[in-house]
(Lines of atoms letter the chains of each structure in order from A and count residues from 1; the text may use other names and numbers.)
(Lines give C-alpha, C1' and ligand atoms only; values in the text may rest on other atoms or scores of the structure.)
Protein backbone atom coordinates (compact mmCIF):
# COMPACT_ATOMS: atom_id res chain seq x y z
CA UNK A 1 0.00 0.00 0.00
CA UNK A 2 1.37 3.40 -0.87
CA UNK A 3 1.18 6.45 1.34
CA UNK A 4 1.68 10.10 0.54
CA UNK A 5 3.64 12.51 2.71
CA UNK A 6 2.69 16.07 1.79
CA UNK A 7 3.24 18.44 4.69
CA UNK A 8 2.29 21.90 3.55
CA UNK A 9 1.52 21.51 -0.12
CA UNK A 10 -1.83 23.29 0.11
CA UNK A 11 -0.27 26.36 1.64
CA UNK A 12 2.73 26.23 -0.71
CA UNK A 13 0.59 25.98 -3.82
CA UNK A 14 -1.63 28.84 -2.67
CA UNK A 15 1.47 31.01 -2.33
CA UNK A 16 2.92 29.90 -5.65
CA UNK A 17 5.91 28.13 -4.09
CA UNK A 18 7.90 25.64 -6.09
CA UNK A 19 7.69 21.96 -5.13
CA UNK A 20 10.19 19.16 -5.53
CA UNK A 21 8.95 15.60 -5.71
CA UNK A 22 10.82 12.33 -5.42
CA UNK A 23 9.25 8.94 -5.80
CA UNK A 24 10.78 6.02 -3.89
CA UNK A 25 8.35 3.34 -4.94
CA UNK A 26 5.91 2.66 -2.17
CA UNK A 27 6.36 6.03 -0.49
CA UNK A 28 5.78 9.29 -2.32
CA UNK A 29 7.68 12.11 -0.62
CA UNK A 30 6.69 15.63 -1.58
CA UNK A 31 9.01 18.44 -0.51
CA UNK A 32 8.31 22.13 -0.46
CA UNK A 33 10.40 25.21 0.02
CA UNK A 34 10.66 26.60 3.58
CA UNK A 35 7.20 27.51 4.77
CA UNK A 36 8.10 29.77 7.63
CA UNK A 37 8.77 32.91 5.67
CA UNK A 38 11.65 33.65 8.05
CA UNK A 39 15.19 34.56 7.16
CA UNK A 40 18.23 32.85 8.67
CA UNK A 41 18.60 35.46 11.39
CA UNK A 42 15.15 34.62 12.71
CA UNK A 43 15.98 30.92 12.90
CA UNK A 44 19.44 31.58 14.38
CA UNK A 45 17.82 33.12 17.45
CA UNK A 46 16.12 29.91 18.49
CA UNK A 47 18.02 27.03 16.94
CA UNK A 48 20.19 25.82 14.12
CA UNK A 49 20.56 28.01 11.07
CA UNK A 50 20.51 26.67 7.55
CA UNK A 51 24.00 27.63 6.36
CA UNK A 52 26.14 29.05 9.18
CA UNK A 53 25.50 26.14 11.55
CA UNK A 54 25.12 22.93 9.51
CA UNK A 55 23.84 19.75 11.12
CA UNK A 56 26.38 17.08 12.18
CA UNK A 57 27.33 14.59 9.48
CA UNK A 58 25.79 11.50 11.02
CA UNK A 59 24.98 8.56 8.74
CA UNK A 60 21.46 7.18 8.36
CA UNK A 61 22.35 3.50 8.66
CA UNK A 62 19.97 2.21 11.35
CA UNK A 63 17.12 0.02 10.18
CA UNK A 64 13.71 -0.41 11.80
CA UNK A 65 14.76 -3.50 13.76
CA UNK A 66 17.83 -1.67 15.10
CA UNK A 67 15.73 1.30 16.17
CA UNK A 68 13.24 -0.87 18.06
CA UNK A 69 15.91 -2.89 19.81
CA UNK A 70 17.83 0.23 20.87
CA UNK A 71 14.67 1.37 22.66
CA UNK A 72 14.06 -2.08 24.14
CA UNK A 73 17.72 -2.40 25.12
CA UNK A 74 17.70 0.97 26.86
CA UNK A 75 14.51 0.16 28.79
CA UNK A 76 14.55 -3.53 29.70
CA UNK A 77 17.44 -3.87 32.10
CA UNK A 78 18.16 -4.46 35.77
CA UNK A 79 14.96 -2.57 36.62
CA UNK A 80 12.91 -5.43 35.15
CA UNK A 81 15.19 -8.36 35.94
CA UNK A 82 16.04 -7.36 39.54
CA UNK A 83 14.02 -4.42 40.90
CA UNK A 84 10.58 -5.53 39.69
CA UNK A 85 10.25 -7.86 42.67
CA UNK A 86 10.35 -4.94 45.10
CA UNK A 87 7.39 -3.37 43.25
CA UNK A 88 5.23 -6.38 44.09
CA UNK A 89 6.42 -6.43 47.71
CA UNK A 90 5.68 -2.69 48.09
CA UNK A 91 2.22 -2.47 46.49
CA UNK A 92 1.00 -6.04 46.19
CA UNK A 93 0.42 -8.01 42.97
CA UNK A 94 -2.60 -6.00 41.82
CA UNK A 95 -1.26 -2.64 43.01
CA UNK A 96 1.99 -3.13 41.11
CA UNK A 97 0.15 -4.35 38.00
CA UNK A 98 -2.13 -1.30 37.93
CA UNK A 99 0.84 1.01 38.51
CA UNK A 100 2.80 -0.36 35.56
CA UNK A 101 -0.25 -0.26 33.28
CA UNK A 102 -1.06 3.32 34.27
CA UNK A 103 2.50 4.53 33.72
CA UNK A 104 2.36 2.74 30.36
CA UNK A 105 -0.40 5.13 29.25
CA UNK A 106 1.78 8.10 30.20
CA UNK A 107 4.72 6.65 28.30
CA UNK A 108 2.51 6.14 25.26
CA UNK A 109 1.53 9.82 25.35
CA UNK A 110 5.24 10.69 25.35
CA UNK A 111 6.03 8.29 22.51
CA UNK A 112 3.22 9.48 20.24
CA UNK A 113 4.13 13.11 20.90
CA UNK A 114 7.77 12.38 20.15
CA UNK A 115 6.76 10.44 17.05
CA UNK A 116 4.94 13.40 15.51
CA UNK A 117 7.96 15.68 16.01
CA UNK A 118 10.70 13.15 15.22
CA UNK A 119 9.16 12.08 11.91
CA UNK A 120 8.78 15.70 10.83
CA UNK A 121 12.19 16.75 12.18
CA UNK A 122 14.42 13.64 12.52
CA UNK A 123 17.54 15.58 13.47
CA UNK A 124 20.63 14.88 15.61
CA UNK A 125 20.29 15.98 19.21
CA UNK A 126 16.54 15.38 19.28
CA UNK A 127 15.21 16.65 22.63
CA UNK A 128 17.74 19.44 23.13
CA UNK A 129 17.19 20.80 19.64
CA UNK A 130 13.40 20.48 19.88
CA UNK A 131 13.26 22.35 23.19
CA UNK A 132 15.57 25.08 21.89
CA UNK A 133 13.76 25.55 18.59
CA UNK A 134 10.18 25.23 19.81
CA UNK A 135 9.98 26.39 23.44
CA UNK A 136 12.95 28.14 25.05
CA UNK A 137 16.75 27.89 24.64
CA UNK A 138 17.08 27.79 28.44
CA UNK A 139 14.88 24.69 28.53
CA UNK A 140 17.05 23.05 25.86
CA UNK A 141 20.18 23.89 27.86
CA UNK A 142 18.92 22.63 31.24
CA UNK A 143 17.13 19.54 29.98
CA UNK A 144 19.95 18.59 27.61
CA UNK A 145 22.69 18.73 30.20
CA UNK A 146 20.80 16.94 32.99
CA UNK A 147 19.63 14.25 30.56
CA UNK A 148 23.17 13.78 29.25
CA UNK A 149 24.51 13.53 32.79
CA UNK A 150 21.89 10.95 33.75
CA UNK A 151 23.02 8.58 30.99
CA UNK A 152 26.73 9.25 31.56
CA UNK A 153 26.53 8.48 35.29
CA UNK A 154 24.27 5.48 34.67
CA UNK A 155 27.02 4.13 32.40
CA UNK A 156 29.35 4.17 35.42
CA UNK A 157 26.68 2.36 37.45
CA UNK A 158 26.30 -0.37 34.82
CA UNK A 159 30.07 -0.90 34.74
CA UNK A 160 30.03 -1.39 38.51
CA UNK A 161 27.17 -3.88 38.12
CA UNK A 162 29.27 -5.99 35.73
CA UNK A 163 31.88 -6.48 38.43
CA UNK A 164 29.24 -7.41 41.01
CA UNK A 165 27.74 -9.95 38.61
CA UNK A 166 31.15 -11.55 38.03
CA UNK A 167 31.58 -11.79 41.81
CA UNK A 168 28.51 -14.03 41.88
CA UNK A 169 30.78 -16.81 40.60
CA UNK A 170 33.96 -15.77 42.43
CA UNK A 171 33.76 -13.56 45.53
CA UNK A 172 37.52 -12.95 45.53
CA UNK A 173 37.53 -11.14 42.17
CA UNK A 174 38.33 -7.42 42.29
CA UNK A 175 35.47 -5.58 40.56
CA UNK A 176 37.86 -2.80 39.48
CA UNK A 177 39.37 -5.18 36.91
CA UNK A 178 36.05 -5.74 35.18
CA UNK A 179 35.07 -2.08 35.39
CA UNK A 180 38.20 -1.33 33.37
CA UNK A 181 37.79 -4.22 30.92
CA UNK A 182 34.16 -3.52 30.11
CA UNK A 183 34.80 0.24 29.94
CA UNK A 184 37.24 -0.41 27.09
CA UNK A 185 34.85 -2.84 25.36
CA UNK A 186 31.81 -0.53 25.48
CA UNK A 187 33.86 2.49 24.38
CA UNK A 188 35.19 0.57 21.36
CA UNK A 189 31.67 -0.64 20.50
CA UNK A 190 30.50 2.97 20.31
CA UNK A 191 33.42 3.94 18.08
CA UNK A 192 32.14 1.51 15.44
CA UNK A 193 29.87 2.69 12.58
CA UNK A 194 26.29 3.08 13.72
CA UNK A 195 25.15 0.17 11.54
CA UNK A 196 27.51 -2.17 13.43
CA UNK A 197 26.46 -0.68 16.76
CA UNK A 198 22.82 -1.23 15.84
CA UNK A 199 23.51 -4.86 14.96
CA UNK A 200 25.27 -5.47 18.28
CA UNK A 201 22.42 -3.88 20.20
CA UNK A 202 19.90 -5.93 18.23
CA UNK A 203 21.46 -9.21 19.38
CA UNK A 204 22.05 -8.00 22.94
CA UNK A 205 18.39 -7.02 23.22
CA UNK A 206 17.24 -10.26 21.60
CA UNK A 207 18.72 -12.15 24.54
CA UNK A 208 16.63 -10.02 26.90
CA UNK A 209 13.48 -10.63 24.90
CA UNK A 210 14.00 -14.40 24.79
CA UNK A 211 14.72 -14.46 28.54
CA UNK A 212 11.50 -12.61 29.38
CA UNK A 213 9.48 -14.87 27.08
CA UNK A 214 11.12 -17.89 28.72
CA UNK A 215 10.13 -16.58 32.16
CA UNK A 216 6.53 -16.19 31.02
CA UNK A 217 6.45 -19.80 29.78
CA UNK A 218 8.01 -20.88 33.08
CA UNK A 219 5.37 -18.84 34.95
CA UNK A 220 2.52 -20.59 33.13
CA UNK A 221 4.09 -23.98 33.90
CA UNK A 222 4.64 -23.18 37.57
CA UNK A 223 1.23 -21.59 38.22
CA UNK A 224 -0.44 -24.59 36.58
CA UNK A 225 1.10 -26.94 39.13
CA UNK A 226 4.49 -27.77 37.64
CA UNK A 227 6.47 -26.66 40.71
CA UNK A 228 6.82 -28.37 44.06
CA UNK A 229 4.12 -26.11 45.55
CA UNK A 230 1.47 -27.55 43.25
CA UNK A 231 -1.28 -25.55 41.57
CA UNK A 232 -0.98 -21.83 42.39
CA UNK A 233 -3.58 -20.04 40.29
CA UNK A 234 -4.30 -16.71 41.97
CA UNK A 235 -3.65 -17.98 45.48
CA UNK A 236 -1.41 -15.06 46.46
CA UNK A 237 -3.92 -12.48 45.23
CA UNK A 238 -6.19 -13.73 48.03
CA UNK A 239 -3.58 -14.17 50.75
CA UNK A 240 -1.65 -12.06 51.66
CA UNK A 241 -3.87 -9.97 49.35
CA UNK A 242 -3.90 -7.84 46.19
CA UNK A 243 -2.56 -4.66 47.82
CA UNK A 244 0.10 -3.88 50.44
CA UNK A 245 -0.24 -1.07 52.99
CA UNK A 246 2.66 1.40 53.28
CA UNK A 247 4.32 1.33 56.71
CA UNK A 248 3.68 4.30 58.99
CA UNK A 249 0.42 5.37 57.30
CA UNK A 250 -3.16 5.03 58.56
CA UNK A 251 -5.97 4.27 57.89
CA UNK A 252 -5.42 1.07 55.93
CA UNK A 253 -7.05 2.30 52.71
CA UNK A 254 -4.80 5.38 52.64
CA UNK A 255 -1.75 3.23 53.37
CA UNK A 256 -2.56 0.97 50.41
CA UNK A 257 -2.94 3.98 48.10
CA UNK A 258 0.42 5.35 49.27
CA UNK A 259 1.99 1.95 48.58
CA UNK A 260 0.51 2.05 45.08
CA UNK A 261 1.82 5.60 44.54
CA UNK A 262 5.32 4.63 45.64
CA UNK A 263 5.38 1.88 43.00
CA UNK A 264 3.96 4.31 40.44
CA UNK A 265 7.14 6.31 40.81
CA UNK A 266 9.29 3.17 40.56
CA UNK A 267 7.42 2.10 37.42
CA UNK A 268 8.12 5.48 35.82
CA UNK A 269 11.83 4.99 36.41
CA UNK A 270 11.62 1.47 34.93
CA UNK A 271 10.09 2.69 31.65
CA UNK A 272 12.79 5.29 31.07
CA UNK A 273 14.66 4.61 27.85
CA UNK A 274 11.66 4.20 25.56
CA UNK A 275 12.36 7.71 24.31
CA UNK A 276 15.65 6.55 22.73
CA UNK A 277 13.71 6.09 19.48
CA UNK A 278 13.69 9.88 19.18
CA UNK A 279 17.44 10.11 19.73
CA UNK A 280 18.22 7.45 17.13
CA UNK A 281 15.84 8.97 14.55
CA UNK A 282 18.67 11.21 13.32
CA UNK A 283 20.60 8.12 12.17
CA UNK A 284 17.72 6.04 10.83
CA UNK A 285 17.03 5.12 7.23
CA UNK A 286 13.80 6.56 5.85
CA UNK A 287 12.76 7.94 9.28
CA UNK A 288 9.31 9.04 8.16
CA UNK A 289 8.43 5.44 7.46
CA UNK A 290 10.67 3.71 10.00
CA UNK A 291 10.16 5.83 13.14
CA UNK A 292 6.33 5.53 13.38
CA UNK A 293 6.60 1.77 12.99
CA UNK A 294 9.38 1.57 15.58
CA UNK A 295 7.44 3.68 18.06
CA UNK A 296 4.37 1.49 17.84
CA UNK A 297 6.19 -1.84 17.93
CA UNK A 298 8.81 -0.92 20.53
CA UNK A 299 6.32 0.64 22.94
CA UNK A 300 3.80 -2.18 22.87
CA UNK A 301 6.53 -4.80 23.24
CA UNK A 302 8.00 -2.96 26.22
CA UNK A 303 4.53 -2.60 27.77
CA UNK A 304 3.84 -6.27 27.09
CA UNK A 305 7.09 -7.39 28.72
CA UNK A 306 6.75 -5.16 31.79
CA UNK A 307 3.08 -5.81 32.51
CA UNK A 308 3.22 -9.58 31.99
CA UNK A 309 6.43 -9.88 34.02
CA UNK A 310 4.81 -8.06 36.95
CA UNK A 311 1.70 -10.21 36.51
CA UNK A 312 3.64 -13.49 36.71
CA UNK A 313 5.77 -12.34 39.64
CA UNK A 314 2.52 -11.55 41.47
CA UNK A 315 1.05 -15.01 40.95
CA UNK A 316 4.25 -17.03 41.49
CA UNK A 317 5.16 -15.70 44.94
CA UNK A 318 3.46 -13.86 47.81
CA UNK A 319 4.19 -10.17 48.29
CA UNK A 320 5.44 -10.89 51.83
CA UNK A 321 8.02 -13.46 50.69
CA UNK A 322 11.24 -12.83 52.66
CA UNK A 323 13.38 -13.05 49.52
CA UNK A 324 11.32 -10.30 47.85
CA UNK A 325 11.33 -8.08 50.92
CA UNK A 326 15.12 -8.31 51.15
CA UNK A 327 15.90 -8.17 47.41
CA UNK A 328 18.12 -5.10 47.48
CA UNK A 329 21.23 -6.63 45.92
CA UNK A 330 22.62 -6.48 42.38
CA UNK A 331 23.20 -10.16 41.62
CA UNK A 332 21.06 -13.06 40.47
CA UNK A 333 19.92 -13.89 44.02
CA UNK A 334 17.98 -10.60 44.08
CA UNK A 335 16.08 -11.37 40.86
CA UNK A 336 12.40 -12.36 41.19
CA UNK A 337 13.07 -14.72 38.26
CA UNK A 338 15.55 -16.63 40.44
CA UNK A 339 13.38 -16.42 43.56
CA UNK A 340 10.48 -17.96 41.63
CA UNK A 341 12.75 -20.73 40.31
CA UNK A 342 14.01 -21.54 43.79
CA UNK A 343 10.43 -21.78 45.06
CA UNK A 344 9.78 -24.25 42.24
CA UNK A 345 12.88 -26.27 43.15
CA UNK A 346 14.96 -25.39 40.04
CA UNK A 347 18.47 -24.89 41.45
CA UNK A 348 20.49 -24.41 38.25
CA UNK A 349 18.68 -21.23 37.19
CA UNK A 350 20.69 -18.65 39.24
CA UNK A 351 23.83 -19.25 37.14
CA UNK A 352 21.86 -18.94 33.91
CA UNK A 353 20.09 -15.78 35.04
CA UNK A 354 23.38 -14.24 36.20
CA UNK A 355 24.88 -14.82 32.75
CA UNK A 356 21.81 -13.23 31.18
CA UNK A 357 22.05 -10.30 33.61
CA UNK A 358 25.62 -9.73 32.46
CA UNK A 359 24.47 -9.32 28.85
CA UNK A 360 21.57 -7.15 30.08
CA UNK A 361 23.97 -4.79 31.85
CA UNK A 362 26.37 -4.65 28.90
CA UNK A 363 23.48 -3.86 26.56
CA UNK A 364 22.26 -1.10 28.87
CA UNK A 365 25.78 0.33 29.12
CA UNK A 366 26.04 0.28 25.33
CA UNK A 367 22.78 2.25 25.04
CA UNK A 368 23.91 4.66 27.77
CA UNK A 369 26.98 5.79 25.84
CA UNK A 370 25.13 5.93 22.52
CA UNK A 371 22.24 8.07 23.80
CA UNK A 372 24.44 10.39 25.88
CA UNK A 373 26.86 11.01 23.00
CA UNK A 374 23.97 11.92 20.67
CA UNK A 375 22.51 14.30 23.24
CA UNK A 376 25.98 15.89 23.48
CA UNK A 377 25.82 16.48 19.71
CA UNK A 378 22.54 18.32 20.22
CA UNK A 379 24.06 20.46 22.96
CA UNK A 380 26.96 21.37 20.66
CA UNK A 381 24.59 22.04 17.76
CA UNK A 382 22.64 24.57 19.81
CA UNK A 383 25.78 26.25 21.19
CA UNK A 384 25.44 24.78 24.71
CA UNK A 385 28.67 22.75 24.43
CA UNK A 386 31.93 23.21 22.45
CA UNK A 387 31.40 22.93 18.70
CA UNK A 388 34.02 20.21 18.29
CA UNK A 389 31.65 17.73 19.94
CA UNK A 390 29.79 17.79 16.60
CA UNK A 391 32.77 16.42 14.68
CA UNK A 392 32.33 12.98 13.19
CA UNK A 393 34.54 10.43 11.48
CA UNK A 394 34.11 9.55 7.81
CA UNK A 395 31.76 6.79 8.96
CA UNK A 396 29.60 9.24 10.91
CA UNK A 397 30.81 8.40 14.43
CA UNK A 398 30.91 11.43 16.80
CA UNK A 399 34.18 10.32 18.35
CA UNK A 400 34.71 13.38 20.57
CA UNK A 401 31.22 13.06 22.07
CA UNK A 402 31.66 9.32 22.57
CA UNK A 403 35.07 9.74 24.22
CA UNK A 404 33.90 12.52 26.55
CA UNK A 405 30.79 10.60 27.58
CA UNK A 406 32.71 7.38 28.02
CA UNK A 407 35.22 9.10 30.30
CA UNK A 408 32.48 9.52 32.90
CA UNK A 409 32.20 5.75 33.08
CA UNK A 410 35.51 5.81 34.96
CA UNK A 411 33.58 7.23 37.92
CA UNK A 412 32.56 3.62 38.47
CA UNK A 413 35.94 3.12 40.16
CA UNK A 414 34.60 5.27 43.01
CA UNK A 415 32.46 2.31 44.04
CA UNK A 416 35.57 0.31 44.89
CA UNK A 417 35.95 2.28 48.15
CA UNK A 418 33.25 3.03 50.74
CA UNK A 419 33.85 6.79 50.80
CA UNK A 420 33.83 7.03 47.02
CA UNK A 421 30.63 4.98 46.89
CA UNK A 422 28.84 7.59 49.03
CA UNK A 423 29.81 10.38 46.63
CA UNK A 424 28.86 8.25 43.63
CA UNK A 425 25.39 7.59 45.06
CA UNK A 426 24.82 11.33 45.27
CA UNK A 427 25.77 11.65 41.61
CA UNK A 428 23.32 8.88 40.82
CA UNK A 429 20.52 10.64 42.71
CA UNK A 430 21.06 13.72 40.53
CA UNK A 431 20.18 11.62 37.49
CA UNK A 432 17.23 9.76 39.02
CA UNK A 433 14.45 12.12 37.87
CA UNK A 434 16.11 13.25 34.64
CA UNK A 435 14.03 10.82 32.59
CA UNK A 436 10.79 12.21 33.97
CA UNK A 437 11.98 15.76 33.33
CA UNK A 438 12.83 14.83 29.74
CA UNK A 439 9.38 13.26 29.27
CA UNK A 440 7.71 16.44 30.51
CA UNK A 441 9.95 18.49 28.19
CA UNK A 442 9.09 16.29 25.19
CA UNK A 443 5.37 16.78 25.86
CA UNK A 444 5.89 20.53 26.24
CA UNK A 445 7.81 20.56 22.94
CA UNK A 446 4.96 18.71 21.25
CA UNK A 447 2.39 21.26 22.42
CA UNK A 448 4.68 24.03 21.15
CA UNK A 449 5.08 22.14 17.87
CA UNK A 450 1.29 22.06 17.50
CA UNK A 451 1.17 25.84 18.01
CA UNK A 452 3.93 26.35 15.42
CA UNK A 453 2.00 24.31 12.85
CA UNK A 454 -1.18 26.23 13.59
CA UNK A 455 0.64 29.56 13.21
CA UNK A 456 1.61 28.51 9.67
CA UNK A 457 -1.76 27.00 8.78
CA UNK A 458 -0.29 23.49 8.50
CA UNK A 459 -2.84 20.80 9.29
CA UNK A 460 -1.91 17.80 11.45
CA UNK A 461 -3.48 15.69 8.72
CA UNK A 462 -0.42 16.47 6.61
CA UNK A 463 2.12 15.17 9.15
CA UNK A 464 4.13 12.06 8.21
CA UNK A 465 2.84 10.45 11.41
CA UNK A 466 -0.44 11.55 12.99
CA UNK A 467 -1.01 10.09 16.45
CA UNK A 468 -4.39 9.41 18.04
CA UNK A 469 -5.81 11.60 20.83
CA UNK A 470 -3.32 14.38 20.27
CA UNK A 471 -2.75 17.07 21.45
CA UNK A 472 -5.01 16.21 24.43
CA UNK A 473 -2.95 13.13 25.17
CA UNK A 474 0.11 15.35 25.62
CA UNK A 475 -1.73 17.44 28.22
CA UNK A 476 -2.66 14.23 30.04
CA UNK A 477 0.94 12.99 30.08
CA UNK A 478 2.36 16.39 31.01
CA UNK A 479 0.04 16.72 34.03
CA UNK A 480 0.92 13.34 35.50
CA UNK A 481 4.63 13.70 34.71
CA UNK A 482 4.79 16.93 36.68
CA UNK A 483 2.71 15.40 39.48
CA UNK A 484 5.08 12.43 39.78
CA UNK A 485 8.17 14.67 39.67
CA UNK A 486 6.81 16.81 42.51
CA UNK A 487 5.64 13.90 44.68
CA UNK A 488 8.38 11.31 44.08
CA UNK A 489 10.12 12.25 47.34
CA UNK A 490 7.08 12.02 49.62
CA UNK A 491 8.81 9.42 51.80
CA UNK A 492 11.01 12.23 53.16
CA UNK A 493 7.97 13.23 55.25
CA UNK A 494 7.23 9.71 56.56
CA UNK A 495 7.07 9.33 59.52
CA UNK A 496 8.69 12.74 60.12
CA UNK A 497 10.50 15.16 57.81
CA UNK A 498 14.10 14.18 57.02
CA UNK A 499 16.28 16.83 55.38
CA UNK A 500 18.78 14.35 53.92
CA UNK A 501 16.07 12.22 52.34
CA UNK A 502 14.47 15.37 50.91
CA UNK A 503 17.63 16.49 49.12
CA UNK A 504 18.37 12.96 47.94
CA UNK A 505 14.91 12.83 46.35
CA UNK A 506 14.83 16.33 44.86
CA UNK A 507 18.47 17.13 44.06
CA UNK A 508 17.92 16.46 40.34
CA UNK A 509 14.89 18.76 40.19
CA UNK A 510 16.79 21.45 42.11
CA UNK A 511 19.75 21.15 39.72
CA UNK A 512 17.43 21.39 36.71
CA UNK A 513 15.88 24.60 38.06
CA UNK A 514 19.34 26.05 38.80
CA UNK A 515 20.53 25.28 35.25
CA UNK A 516 17.40 26.75 33.71
CA UNK A 517 17.32 29.93 35.81
CA UNK A 518 21.09 30.40 35.53
CA UNK A 519 21.00 30.20 31.73
CA UNK A 520 17.99 32.50 31.61
CA UNK A 521 19.66 35.14 33.81
CA UNK A 522 23.04 35.05 32.06
CA UNK A 523 21.95 34.86 28.41
CA UNK A 524 18.38 36.23 28.69
CA UNK A 525 16.91 34.29 25.76
CA UNK A 526 13.29 34.96 24.90
CA UNK A 527 10.62 32.29 24.67
CA UNK A 528 10.14 31.11 21.11
CA UNK A 529 7.09 32.53 19.37
CA UNK A 530 5.14 29.93 17.36
CA UNK A 531 5.67 31.75 14.06
CA UNK A 532 9.44 32.02 14.73
CA UNK A 533 9.99 28.35 15.58
CA UNK A 534 12.48 26.76 13.18
CA UNK A 535 10.71 23.69 11.82
CA UNK A 536 12.55 23.68 8.49
CA UNK A 537 16.26 23.10 9.21
CA UNK A 538 16.96 19.41 8.79
CA UNK A 539 13.56 18.71 7.22
CA UNK A 540 14.02 19.97 3.67
CA UNK A 541 17.31 18.14 3.14
CA UNK A 542 15.70 14.91 4.28
CA UNK A 543 12.90 15.21 1.75
CA UNK A 544 15.39 15.08 -1.11
CA UNK A 545 16.96 11.81 0.09
CA UNK A 546 16.11 8.45 -1.44
CA UNK A 547 15.71 5.03 0.17
CA UNK A 548 15.08 1.66 -1.33
CA UNK A 549 11.68 0.30 -0.34
CA UNK A 550 11.11 -3.22 0.88
CA UNK A 551 9.46 -5.65 -1.47
CA UNK A 552 6.71 -8.01 -0.40
CA UNK A 553 7.85 -10.97 1.72
CA UNK A 554 6.75 -14.54 2.29
CA UNK A 555 4.29 -15.08 5.15
CA UNK A 556 6.84 -16.87 7.37
CA UNK A 557 9.31 -13.99 6.98
CA UNK A 558 6.59 -11.50 7.93
CA UNK A 559 5.78 -13.63 11.01
CA UNK A 560 9.45 -13.62 12.03
CA UNK A 561 9.72 -9.85 11.56
CA UNK A 562 6.54 -9.28 13.58
CA UNK A 563 8.13 -10.97 16.60
CA UNK A 564 11.81 -10.11 16.39
CA UNK A 565 12.12 -6.93 14.28
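Glycine residues also receive a Cβ, built from the backbone N, Cα and C atoms like all the rest.
According to TrEMBL, the region 'Disordered' annotation covers 1-56. What TrEMBL records for 66-525 is domain 'Amino acid permease/ SLC12A'. Residues annotated as transmembrane segment in TrEMBL: 69-88, 94-110, 145-166, 173-196, 202-222, 298-317, 352-370, 397-414, 426-453, 473-496, 502-519.
Among the listed stretches 145-166, 202-222, 352-370, 502-519, the one sharing the most Cβ pairs under 8 Å with the transmembrane segment (69-88) is 352-370. Sequence-distant contacts of the transmembrane segment (145-166) (same chain, at least 6 residues past either end, Cβ-Cβ under 8 Å): 78, 127-128, 173-179, 182-183, 186, 330-332, 354, 357-358, 361-362, 364-365, 368-369, 371-372, 375-376, 379, 384, 405-406, 408-412, 414-415, 424, 427-428, 430-432, 434-435, 437-438, 508, 511-512, 515. Relative to the transmembrane segment (397-414), the listed stretch 173-196 leads the set 173-196, 298-317, 352-370, 502-519 in CB pairs under 8 A.
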